[in-house]
Structure formats: structure tokens, C-alpha cells
């Protein structure tokens, strides 16, 4: 019982129960490589942000791969293990720091993930409720219409006491549903806002910082965004008279409903005529050439 | 406002100067042929700039030059903008006309179809931004393009998108003019055109851009109707049928017919269709694909939308995905 020597002759390893593990891969070589990789990556855990440029980082990654390859293929084992040990000793502080960072990043990532999930769920729920209430409202309206029709029939028989009551009940129901819907909509808005805030908090804390760093590396400080690329005409060379009335054209457009359906806007056409009249003015061909 | 180039731009040359002009360009390889033109790649000798030459076929048309050739020259001479193809020169040779155009090796359709290329939201934003800027320049000069589709949005080797093919363009109609509703490639045709409107506006171009936007998100045509009738059904199935309530006077349009009534899509259905879209992306798509042309946004409104301001920022044209043209 307890730790014992390996039963194989000439193998001097000490076996402990807690060092045994369940095999994941059929191929033992892969299993071995994975174990080695895990161990090595806990020691060689520098991030891209620890390097000045991509090239150096790539070199570092290459170094790690060589170590893992050597260890898993039994090449220069002693030398490589010594190298790793030395590195571990030399960089103890940095290693611990980075490990902390990685676990924090992971935590942050999970937090984000959960936050987004719960946000989506509640949003969907609220939306569904709003839709349901819409449907209810529609039903009520139908009922009301029916009632009105019924009403008309009854008034002829001069007996509408009862129906007034009915109407009141319907109106009350309608109001309460409308109130609920608007409350839901408000909730929805608030929810979305809160989500934005939370997300921005998370990004501004630890996890996002690195992301910003990387983005910052890729995008050098730029000019601010302008939708029209600085090429927007705000001041026209002429003044529009909003009261201008052209009897012929207005008549044409107003008489034919097709214009409205086509989205036709007579003022746009007037603008075209005016800009054509003004476009050549103040322009000297010899300067333009 | 607009640069006035119609007078100082490409000029008609007489015979002597034609020689001078034509000798400045070399016609190298034929790269394509359409119904009314053959396109060659060449070089502008004075600047060693690569150019495209569109040789207009003459003869065979009973009224002389083909209408689209005239349209193309007429409007490209007037428009000068980074996001519109540049007409460098025109000369005539052997009774044929040659348009010297900017060399633009590939188009947006090729990119959409190349499934090895991944589009990021920032890439799509960049293409939309350049398309809308180009279209804004057309519309502020009261020119309707009338044939916007991915195939007509060309890309320069530097990744800059430019609107091309003005063969169907015309200026905004006067109330007493009737425009043909048989314009725009079917999949990108606005509902008022499908109903045979004769007094449409720039809103039809906005619709096309909206459909292209959707296509960029989906990487497959958004409203692929098999024929004109089917186009109505496909459009309304995706976006809901028009009614007098959401589109005043729609029933007065000449080609209006009450086919199947489809309900408008809910926000959630749209979210599911465009799973990668943010809320402001959806807002912009929806406002460009409003059935009622009066409710559709203008280029100015589209460019000022929240979509372009929110993160991620539109990709710099230089870093957009490109296709390396294959040498045949």
C-alpha cells in the first residue's frame, strides 16, 4: 500500500495512486503528448502582449513546440528537462502572474457568456409577452366590434342598460392590457440599457483591455469617421420657397393617385430644375481644366 | 456642389485629334462582350495607367447608336466621384465609339460567390458605405441609376468600390413624363416597379441597395424570383404584403393585383434570418426595404444611420478581401 516502486525491472519510477488517470485517446503517443503539453504550457505561459512584436512571439511559440516535440519523442530528454527547469526557476514570478491573468480572463469570459445568455432569455420572454398581449388586444377589438353590432340591434328594442356595462368591462380590460404592454416595453428598454452598461463595464475591466491593445496595434490612430467623407452639400446656392405653387404640375400630381403610391415628390423635381439652372454659375471652365 | 465637368471633361474630337487620342491608348486583350459593346483592357500610354476600353458596336441598330451607350456617356460625363467609375475619355474610330474607363478588375458578385473569402461585419459596412456614397452623389444630381446589383458594383485593385454601368440611368422625371417600369434586374426591383409605376424616384435605387445589403449578409440572393409574377410573391413573403394601411394608394398602381396576403415579418423572424446582424444593422436594412417608397430612407438618412457610427468601424478599402484576377 502507498507509493511503491514500479514492478517492471529496471524501471525506478515511484508510482502513486493519485498520479494515475483515465485514458482519453486510443493512441498512447497522443495521450503522452497532451500531458506533456499541458505541463509545459503551465510553465511557458507568456502571452502575445508580453512581446514587443509578432515575430518574437512566434519564435517563443516555436521554442515551446520544440520542447514538447523532444519530450514526447524521447529526444534529448535530460537536456530539455533541465532547460525547462531552469526557465521555470528564472521566470517564477512572471509565470505565476500570467497564470493568474489567464484564469481571470477565463472567469471574465464565462461571466460575459452567462450575462449574454440570461439577457437573451429575458428579452425573448418579454417580447413573447408583448406579442401575446397584442394578440389579446386584437381579440378584444373583435369582441368589441361584435358587441357594437349587437348594440345596434338592441337599441332598436330600447334596452341598452346591460350593454353599457359590457362596454365598460371591455374598456377596462383593454386599458389594463395596454398598461401592461407599455410597462413591458419599458422593462425591455431598461434591460437592454443595463446589458449595455454591464458589457461595457466588463470590457473596460480586465478582459477587454487586452482586446483593445490588439485592436490598437492593428489600427493606428485615424481621422474621425465622416459619413459623407467630407463631401456633403448643406447649403444650396438658391433658396427654396415653400409656398411656391405651380398650378399645372400640382394639379397633375394631385389628381393622379399613382404619384403618391410611387413616392413622387414634386419638390424634388423643382429642386432638380433649380440646380440645373444654377449648376454652371460661378464656374469658370478655364479654371476647371 | 458638384464638379462641373460636362464642359471640360471628355470632348468630341475631330478626325485629326482622334488620331492623337486613339494613339494614346493601346487595346490589348479582349475581356468581355455584351449586347452593345466589347470590352478590352489597355494602357494609357502617357501615364502607363491601366484602363478599360468599351467599344460600342454600331450598325444593327436602326436608330444609330444604342440607347444605353448614349445614356452611359451622358451621365458618366457629368458624374465625378471616388465611388463612381471614371470616364476618362471618348474617341471615335472606324465609325465606332470607344469609351475609355477606369480599369476595375473585379466586382462584388465575384466576391459574394467566392466562398473561400470570409466577410466580416466591418467589410460589409465598408462596401455599403462606398455604395451609398456613390449613390448619394448620383441622387443629389437627380440621376437615377436604375440597375444596381452586385454585378455592377466594381472594385479597384485598391479595394475601392465604384458604381458602374449607367446604361439604364436617367434623370429624375418631370410629372408629365412617364418612365418605363421595366428597369432594374428582377431580383433587385422595388415593389413600385413590380406594380408598374411610371413616376418612381430614387427610392428604387435605395431598394436595390437594401437587397444587396441583405445579400452581403446572407451570401446568397435575398429575393430570387423565378419570373416577374414570382418576384412579387417572393418579395411579399419575405417582407409582408402591402395594404392601403401601410402604403397609401398602392391599389391605384397600374399593375397592382391582390395576390396572396402575407403578414409582415416580426422582428424576431428578421433576427433569425439575419443571425449575424446587430439591431442597428436590422434597422437600416428595414428602412431601405420599406414597401412604401415614401417611407423608404434616402441616401442621406442611410449614411447618417447609427449603423455606420457604431463599432466595428468600416474596414479601410485597402484591407478589404480581394480576388486576384486569373490570367487566361
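Backbone N, Cα and C atoms are what each Cβ position is placed from, and that goes for glycine too.
Annotation comment: TrEMBL describes B:147 as active site, proton acceptor. Using a 10 Å radius centred on the Cβ of residue B:147 (active site, proton acceptor) and all shown protein chains, the other Cβ atoms total 22.
The Cβ of residue B:37 (ATP binding site) lies under 8 Å from the Cβ of B:54, B:55, B:56, B:57, B:69, each of which sits 6+ residues away along the same chain. For B:31, B:32, B:33, B:34, B:35, B:36, B:37, B:38, B:39, B:54, the entry in TrEMBL reads ATP binding site.
For the domain 'Protein kinase' (B:25-308), the model's average pLDDT works out to 91. The feature domain 'Protein kinase' is assigned by TrEMBL to B:25-308.
Taken from TrEMBL, the feature region 'Disordered' covers B:1-23.
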Recorded positions B:31, B:35, B:37, B:39, B:147 with CB under 8 A of any chain A CB, in sequence order, are none
Which residues of the same chain, at least 6 positions away in sequence, have a Cβ lying under 8 Å from the Cβ of residue B:31 (ATP binding site)? B:39, B:40, B:41, B:52
Rounded to a whole number, what is the top Cα to Cα distance in Å among the residues the record ties to ATP, namely B:31, B:32, B:33, B:34, B:35, B:36, B:37, B:38, B:39, B:54? 14
Quick one: which residues besides B:31, B:32, B:33, B:34, B:35, B:36, B:37, B:38, B:39, B:54 have a Cβ within 8 Å of the ATP site's Cβ centroid, in sequence order? B:55
For residue B:35 (ATP binding site) and residue B:147 (active site, proton acceptor), determine the Cα separation and express it in whole Å. 16
In the chain carrying residue B:33 (ATP binding site), residues 6 or more apart in sequence that have Cβ under 8 angstroms from it: B:39
